[in-house]
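What Swiss-Prot records for this protein:
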type: TRANSMEM; residues: 22-42; note: transmembrane segment
type: TRANSMEM; residues: 58-78; note: transmembrane segment
type: TRANSMEM; residues: 80-100; note: transmembrane segment
type: TRANSMEM; residues: 137-157; note: transmembrane segment
type: TRANSMEM; residues: 161-181; note: transmembrane segment
type: TRANSMEM; residues: 212-232; note: transmembrane segment
type: TRANSMEM; residues: 248-268; note: transmembrane segment
type: TRANSMEM; residues: 283-303; note: transmembrane segment
Amino acid sequence: MSGKAGFTPEDPEDSDNRHGNPLFEGIFTALNWMTVLPVPGASVFDRTTGARVMASLPFVGFVFGMFTAIIMWAIGPISGVIHVDGLLVAVLIVAFWELLNRFMHLDGLADVSDALGSYAAPPRAREILADPRTGLFGLATAMLSVLLQVAAVASLVDSTVWWMICFIPVLGRIAGQVTALKNHNAFSPTGFGALVIGTVKFWWIALWLLVTAALAFWCAELISPLSPLTSVNTPFVAGPFPAAINPAWLGGWVAITAVVACVFAALFSRRLSRSFGGLNGDCIGACIHLGASISAVMFAVVANAMV
């Protein structure tokens with residue numbers, strides 16, 4: 001992730017004229033940088049571009065969520081003819097997420113894990129972070145994070161809260177925004193991290209949390225609990241969680257999960273900053289992937305509690 005983009009030479013007096021509309025430039029460049037979608041991005045890379053991309057990062061998560069819903073509904077008719085195991089669907093969904101972002105965040109998680117697991121001083125840790133080879137720590141952490149997501153999604157696909165799967169990529173990317181808050185610094189003056197770290201304002205995160213919570217409440221109230229992979233509409237039943245009694249509570253659980261993911265990202269970012277003497281793009285990718293894994297597990301807890 002740290003090598004995805006870097007600063008472009010530019011005339012400071014002409015900088016504003018080389019940028020496009022803030023909203024569209026942020027959204028399109030975020031999709032260009034963070035996915036394999038053939039979307040045109042910005043023509044100039046600087047801190048302004050980086051800030052606009054980070055402000056739009058959760059939108060990329062909503063695009064992932066939209067594609068996830070399409071996959072679920074596309075597999076639905078097939079499951080009506082032949083049995084499609086929930087685990088297989090979960091593997092397909094998680095694999096799709098990774099392919100859509102070119103394994104970028106997973107690569108960042110692996111790099112960060114190798115560097116963090118070395119317990120080396122910041123200069124040496126940064127060298128390990130830049131090493132393209134993956135060690136045991138990186139491989140194990142990446143594997144466990146993916147397995148957590150697959151297991152959690154498998155619990156959700158046949159449940160009455162299947163739609164929560166679509167929010168997992170969103171919450172991961174909101175957690176990624178936390179890593180680039182203004183109180184953080186990049187350890188290198190060049191590269192992707194220098195473009196984006198320290199550009200995010202707290203109110204951006206708060207706004208995305210409100211938008212996500214509102215959409216989650218809408219889904220809990222209006223979307224049928226019938227999973228596209230289930231032939232019978234399973235009613236909400238009494239269980240250990242209030243969500244099993246009041247569907248609207250599910251929206252609150254999504255909001256709580258988002259806050260938990262953000263708190264984790266804040267604490268983890270501080271730890272990484274101390275270990276590396278700053279942050280880079282790999283640190284953002286690691287927080288995105290781990291934030292998504294935490295969100296997936298918390299959603300699965302609700303799904304299992306409602307059985």
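Keep in mind that glycine also has a Cβ here, set from the backbone N, Cα and C atoms.
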The transmembrane segment (58-78) touching the transmembrane segment (283-303) per 3+ Cβ pairs under 8 Å rule: no
Folded-back contacts onto the transmembrane segment (248-268), same chain, C-beta under 8 angstroms, at least six residues removed: 161, 164, 167, 171-172, 174-176, 178-179, 181, 205, 209, 212-213, 216-221, 241-242, 286-287, 290-292, 294-295, 298-299, 302
